[in-house]
Amino acid sequence: MKIFQILFLFTFFSITSHASVNDFCVADVKAPNTNSGYPCKPVAKITPDDFVFHGLVAAKTNNSFKIGVTSATVTNFPALNGLGISAMRVDMDEGGLSPMHTHPDATELGIVVQGEFTAGFLTPTSFYSKVLKAGDVFVVPKGMLHFAINSGKGKAIGYVSFSSENPTIHTLDSLLFANKLPSDLVAKTTLLDLNQVKKLKARFGGSG
């Protein structure tokens, strides 16, 4: 075997989380999080309940985007610690949407269980969008700016999995309009009308 292959395998197996060293590592979420995850809960204190999450239920949709989201991540489902997976349920009223956003640290896999979504993601040179119905699966590569809308009649429901136990989300609307950045600067850098920027800042709780 060539030397670089040996070095690659050594590096691959050296960079491990608590969960890959052990069979599993239920998080002690009261302790500080680290680059390799939360420290493990003592085995003697682990019970079957640690491996079950009951909270992936419908969330309220009475907001600007008509969307409700519930998540199962390491912070509320400690058994995910070090496993590189998490889940989310999305409920979207008719006309609702998930605005442009990214997950810089996770690939996203969505499954439609009810209704109709139109989902897609953008790259610097193109975009990929598709109408999705019950039973369809759609993948968004890590870091891609993407969206979903309820393009059908009635409520739409989907489940999403992530390649991270605690995925980060950056929502474009919130980044632009829920901050203290001066409105005239936002207008100049986005080519939006100043009055429209002020209107959106008021809607999303921004100032400046």
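Cβ atoms here come from the backbone N, Cα and C positions, even for glycine.
Whatever TrEMBL says is automated annotation, not expert-curated.
TrEMBL lists 1-19 with the feature signal peptide.
As annotated by TrEMBL, disulfide bond applies to C25-C40. In the structure as shown, the Cβ atom of C25 (disulfide bond) sits within 10 Å of 25 other Cβ atoms.
The domain 'Cupin type-1' annotation in TrEMBL covers 54-198.
With a cut-off of 8 Å between CB atoms and residues at least 6 apart in sequence, the same chain places V140, K142, G143, F162, S164, P167, T168, I169, H170 near H103 (Mn(2+) binding site), listed in sequence order. Residues or ranges marked as Mn(2+) binding site in TrEMBL: H101, H103, E108, H146.
What TrEMBL lists as oxalate binding site is H103, E108.
C40 (disulfide bond) and H101 (Mn(2+) binding site) have their C-alpha atoms 32 Å apart, to the nearest angstrom.
Look at the binding-site residues H101, H146 and count other Cβ atoms within 10 Å of each Cβ; H101 has the fewest. Cβ-based neighbour count (10 Å, all protein chains) for E108 (Mn(2+) binding site) stands at 23.
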